[in-house]
Amino acid sequence: MEKLTLSPISRIDGEINLPGSKSLSNRALLLAALAKGTTQVTNLLDSDDIRYMLNALKALGVNYQLSDDKTVCVVEGIGGAFQWQNGLSLFLGNAGTAMRPLAAALCLKGDTESEVILTGEPRMKERPIKHLVDALRQTGANIQYLENDGYPPLAIRNQGIFGGKVQIDGSISSQFLTALLMAAPLGEGDMEIEILGELVSKPYIDITPAMMKDFGINVDDYNYQRFLIKGKQYYISPQTYLVEGDASSASYFLAAAAIKGKVKVTGIGRNSIQGDRLFADVLAQMGAKVTWGEDFIQVEKSELKGIDMDMNHIPDAAMTIAITALFAQGETVIRNIYNWRVKETDRLTAIATELRKLGAEVEEGEDFIRIQPLALDKFKHAEIATYNDHRIAMCFSLIALSDTSVTILDPACTAKTFPTYFSEFEKISKNQ
């Protein structure tokens, strides 16, 4: 297995221009494909998950031109539901941001009835999709499980979604609601979505209506409890759509600066629609100096204090706090993060396991993690298993800010969202 050893870093200094957000990139591509008109999507992320979406769109008859550097994509919208040859199979890797929205969009009524199969890697077949399928079935969608109930692969017939009242469980993933919201305007009738339970990752939900509005559709949101969307509408191309820098990916550079230096991250700012921008506020609460601009966030180190906080609203970026906690004074508790368990891997167990290898004292609860700090000279060298999870690989790069080197196994797994992560991290790592 490939491995990468990072030597101890004495300070962090520099500027990072963020690649496009994964979730925004895939949503923008899908909306552009469904819209009337041609859309130029810029600052598109070049990564595995985006390639799975692009390959699926091509198989569904969508024409697009991708620039040589793969960051600009001109998409010719089809102006309604997808059409495809019966028996099509789409392989979506482990890309939840492709699987969930496509599962909903492919239910929309086509001119000719056809079946499509959505499948992916073994881990994708372990990632729950029942809450979305249950909701789609309430609207009249025809979806079958091909292996295990509640999980991909799925067989979908484009017989339509017919609106009405729909209840969806919001406790596992905000992507289920996102998928339903994006498909609803092209359905056969008006839809009223009622959220059961506490909606997780609320700021991630805010992204979806904001993007839908850019493509000409309004969503009425009643305090995250109910959403109303009119049916029989069309998305209209905004002609160009700029994908914001990935706020989750910003977290590693910002945390590195909070621990040992100063960094300016561009491509995201105070007006970002991404919830993970709030990560910088958590660093500020821990003691870091944070400066916000229209198109940048700057963080400078200061003495960090541990924190006890519900981080359900920023689950991806919260992982970075678990590492930052080692460098703070006093214990850190990250709460209400059960949804870590249903991501690319069971992130709660994975992070607790790898932190212990470093010599950290960690308590793993069902939906929380408690971490004690470590003195810089007390870190043990460890080989960090990454579980084919891009965010674990990126998080644990921060261990090199101690007095000990760290070895990351399978570093190439960052290709899911940030193929050039380690070279970017090296640019801001100084050793004098």
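The chain as shown is numbered from 1 upward.
Keep in mind that glycine also has a Cβ here, set from the backbone N, Cα and C atoms.
Taken from Swiss-Prot, the feature active site, proton acceptor applies to D316, supported by sequence analysis. Around D316 (active site, proton acceptor), taking its Cβ as the centre, 25 other Cβ atoms fall within 10 Å, counting all chains. In the three-state DSSP scheme, D316 (active site, proton acceptor) falls into the helix class.
Sequence-distant neighbours of R127 (phosphoenolpyruvate binding site): residues of the same chain at least 6 apart with a C-beta under 8 Å from its C-beta are N94, G96, M99, Y151, P152, V342. Sequence annotations record features per position, and here Swiss-Prot assigns phosphoenolpyruvate binding site to K22, G96, R127, Q175, R347, R391, K416.
Under DSSP, Q175 (phosphoenolpyruvate binding site) is assigned to a helix (H, G or I) in the three-state scheme. Sequence-distant contacts (6 or more apart, same chain, Cβ under 8 Å) of Q175 (phosphoenolpyruvate binding site) comprise G96, T97, R100, P101, L132, Y204. The 3-phosphoshikimate binding site annotation in Swiss-Prot covers K22, S23, R27, S173, S174, Q175, S201, D316, N339, K343 and is backed by sequence analysis.
The distance from the Cα of R391 (phosphoenolpyruvate binding site) to the Cα of D316 (active site, proton acceptor) comes to 8 Å. Long-range Cβ proximity for N339 (3-phosphoshikimate binding site), meaning a same-chain Cβ under 8 A and a gap of 6 or more residues, is found for I172, S173, V200, S201, N312, P315.
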